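Quick look at what TrEMBL annotates:
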{"type": "DOMAIN", "residues": "22-122", "note": "domain 'Ig-like'"}
{"type": "DOMAIN", "residues": "129-214", "note": "domain 'Ig-like'"}
{"type": "DOMAIN", "residues": "237-322", "note": "domain 'Ig-like'"}
{"type": "DOMAIN", "residues": "335-431", "note": "domain 'Ig-like'"}
{"type": "DOMAIN", "residues": "437-528", "note": "domain 'Ig-like'"}
{"type": "DOMAIN", "residues": "535-622", "note": "domain 'Ig-like'"}
{"type": "DOMAIN", "residues": "730-907", "note": "domain 'MAM'"}
C-alpha cells in the first residue's frame, strides 16, 4: 500500500444531512447445503457437520455502524454466547452439531434503534447406526434364539430425522413380505428407531441382518450401514471378576483388577468405570485388566467392569477398593458433668476423649498409656469406645473419683489391624495446672486502625492448659475470611492478614475449639478492624473539548473514603495551584474557567485528600477537533479515465463540529485544504482523489484543523473500496502484467495463462488457440487455458475479477437492483474444446451456489466471438471465468477485452436478421441459429 500525500484542490459540501441509522442483512458463503426462507420470517442455513460456516453481515449507515454477532439456542455447553464476535464475518471451521442454533447480527451507530437480523443454522449429521438384540422377557433363558421371538433394534443419531431399512442377506425386508417378520416403530420412540421382530425363529432367520440408516443424501451425507450376524449361538454377555470384594490395600501398592468374559456371542467388549465418573489418569487398561499403580487415598472407590455385545443387557460386576489410612488425631477433656465448675478437681470425675479418622473403620484399634506404661480398663479407669454411628473412631478414658496419684500424661495410641500404616499417638496431661481456657484481647489491640495495603495482626490471648486451637471468623456478617474459608485456625491466637483491603473492615471473632482442649462452652472475644483508604473519586479521567473564549466547568465527586470527616481539595493546572479548601456537607467540588484562553488549555487535576492519601480527578481541556467519520456508502466511488489511472471519491462528515472552534482546514496526508466554511453536524463533505495508479491501494489520513491546531485524525484505505470497486466503465484487455486486478482461484486444478501470439509456443498444441489477440495483433495479450499434458479431462481453471461495489444512490439501501452489461470476447477453437463458464458471484455466496450466467461448450471455429450478458447484482460481486479441459490437448480456450458497463446490454443489431433473409434458403437456418445464439448470450440463459 502507499500513503497518499496529495494537495486537495477542490472541496464541496452537501447541504443535506447524511447521518443515517443502520440497516443490516446477512449473506452467506462457506459450505451451505441449502438456504431457504421459513414462513417469510427467517432464513434457515443448512450445513453438514465438519464443514465451514461463514456468515457476513452487510451494513449501511453513517457513522459506520459497529457490528456484533451473538447466538441463542444450541447446546448449553456451547460458549459462543460468552464470547461474541465483533466483526462483519462470522467464521466457524469444522462446525459441530452443538453449534447449530440462531445467530444474530446486530449493528448500531447511536442513531435510532440497532438493526438486527437473524439466521438459523441447522447442522446436519448422521452417526453410524447401532443394532441391539433382545429376546422377549417371558421367554428369556441363558441360551436362547432357538424357537424364540427376537427383537433387533436399530438406532442412529441424526439431523434431519433418519429413515431405516432392513436387509436379510441381500433381501430387502418390509412389512408383510414375510409372515415371520414384523417391522414397526414403537409409539413412544416414533421416528427414533426401527425394530425388526422375528417371530419363532426359523432356520432361515439365522443370517446376516443389515440396518441401513439414511437421511436421503441431504448435504451429500451418505447412508450408513451396520451388519449383525444372528446365529443359534448368539447370547448376551456374562463376566467374572477375579478379585475380592472389597480390596483393602496400603498406599503405594499396585492394584490389578482382572475381568474376563465367560460368555456372549458376538465376543463382548470389556470396559471399566469408577464411582468418580472417570478413571485415574495413571490407570492402565489392557485386555479387560485395570491396573492402578502407586495407589493413593484419592483412588479409593467402586470400580465396575462392563461387558457389552449389543445382545440383551450389558453385564456389570463391581468391586470396592479401600485404601488404608489414619489421619486427623485430636482430643478433648470433659470435666465432671454433675458440677457447674469447669475446673478439674480431686474427688470428681474427668473424661479424656480421643478421635481419629480410620479407613477401613473396622480395623481401627485403640490403646491407652499412662506415663508410657500400658493402661487397662478397671473400676476407676474405664476405657470405652463410642458407638460408631454417634461418634466414629472415638475412644474414651473415664477417671472416676480423681486422686492425686492419677495426675500424669495419658497417651492415646491409634493403629490399624495388620500394620503397614504409621500409628497416631496423642498425649494429654492431667495435673493440678490443667485448667479450662480463657480468651482476652490485649490492651490497645482493638480497635485496630490500619491503612489499605498494609499487613495487620489480630491477636487474642489464650490461657489455660492445654491450650486449644483458636478459630477466627467474621462476627458482623456472614462473609468468608481472607483465605476464602468461613473459619481460619490459629495455634497461637494470632490472625495475620497481608495486603489488607477496605472490604475487610469489621468485627472478627476469636473462639476456642473443643478439640485439643476442654470440652466446655467455647470462650470467645471480638476484635474490631478499621481499614483507612484514600478517597475514591469520579471522574478519574475526563477529556473536555472546548473552543476559545468559552466557559469550562469541571466537577470532582467523592464516592467513598475513610476517614470521611477530614477531607480537603486542591485544584491545579499543571503544577500551578488554582484553588484549595475543605469539604462541608457536600461530596463534590467544582472549578469553572469563565473564558477559556490559549494558556488555559492543559491538564487540570483535583486532589481530594484524607489521612490515608489522595484521590485524583484529571481533566484534559483541549481545543482539538473530533475525528472525521468517513462515509462508506458512496455510490460509484471509483472511476477510470485511462487504463492504469483511476479516481476515488472520498466523502466524510465531521464528528461534533460545534464542540470546538470552527474547522479551518483538513489535512489530507501531510498537505492541507483551506477556506473551510462553518460545518454542521451530519453535513457530507466530498473530495475527489485523482491520478491514482492501479492496482495500488492508498492509505488516506484525514485530520481536521482549528485555531487550536490539529485534531483527531481518522484513517481509511482506498483499497477497501478498490477491492470493492465499481468503475463507471470497466475495461480490461490484459495488456499490463497486473491483469487489471484479476486473480487466480486457489481452489481450482490449474491456472489461466497471460500470453500473446508472438511469444506463445505452439509446438505441442497445433490446431487450437488464437493466432492473435481480439484485435488481430500478434503483440497483443489475452488470457487462455493451456490444455497440454499433464492436464486431464474435466480439470478446471478459474480467473477471478476484482470485487465490484454496488452501492445505493441513497444511504438507506438498494430499492431496485442496478443493471450492468457484462461483456467479453472468447476464442474456442480445437477438436477437444471443453467448456467455458462465466459466473457472477455476490458477496457471501459460494461459487458453486452462484450458477453460471453464461456457458458454452465445444469447437466454435478459429475466430473471436463476443458475448454480452445483463446482470442484476444486489450486493458487491465478482465475475469469474471457468475453463474446463476437454478430452484432449487440442482444447485451448482464450478470453480478451472484458468489459462491465452500467445499464442493460443493448438489443442485438437488427441488420443481423435482415442479413439472414437475403441469404439463399439453405443457409437461412444456420444463420438463424447463429442469431439465436447471440440472443441467448445477450440474456442470462445457459448455452451448452
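Just so it is clear, glycine is given a Cβ too, placed from its N, Cα and C backbone atoms.
Annotations in TrEMBL come from automatic prediction, not curation.
Counted over residue pairs separated by six or more positions, the domain 'MAM' (730-907) shares fewer than 3 Cβ pairs under 8 angstroms with the domain 'Ig-like' (335-431), which leaves the two as not touching. Stretch with the most C-beta contacts under 8 angstroms to the domain 'Ig-like' (129-214), considering only 22-122, 237-322, 437-528, 535-622: 237-322. Here the domain 'Ig-like' (335-431) does not touch the domain 'Ig-like' (22-122). Their Cβ atoms form fewer than 3 pairs under 8 Å, with each pair 6 or more residues apart. Per DSSP, the secondary structure of the domain 'Ig-like' (335-431) breaks down as 6 helix, 47 strand, 44 coil. Here the domain 'Ig-like' (237-322) has, by DSSP, the following mix of helix, strand and coil residues: 3 helix, 49 strand, 34 coil. When pLDDT values are averaged over the domain 'Ig-like' (437-528), the model yields 91.
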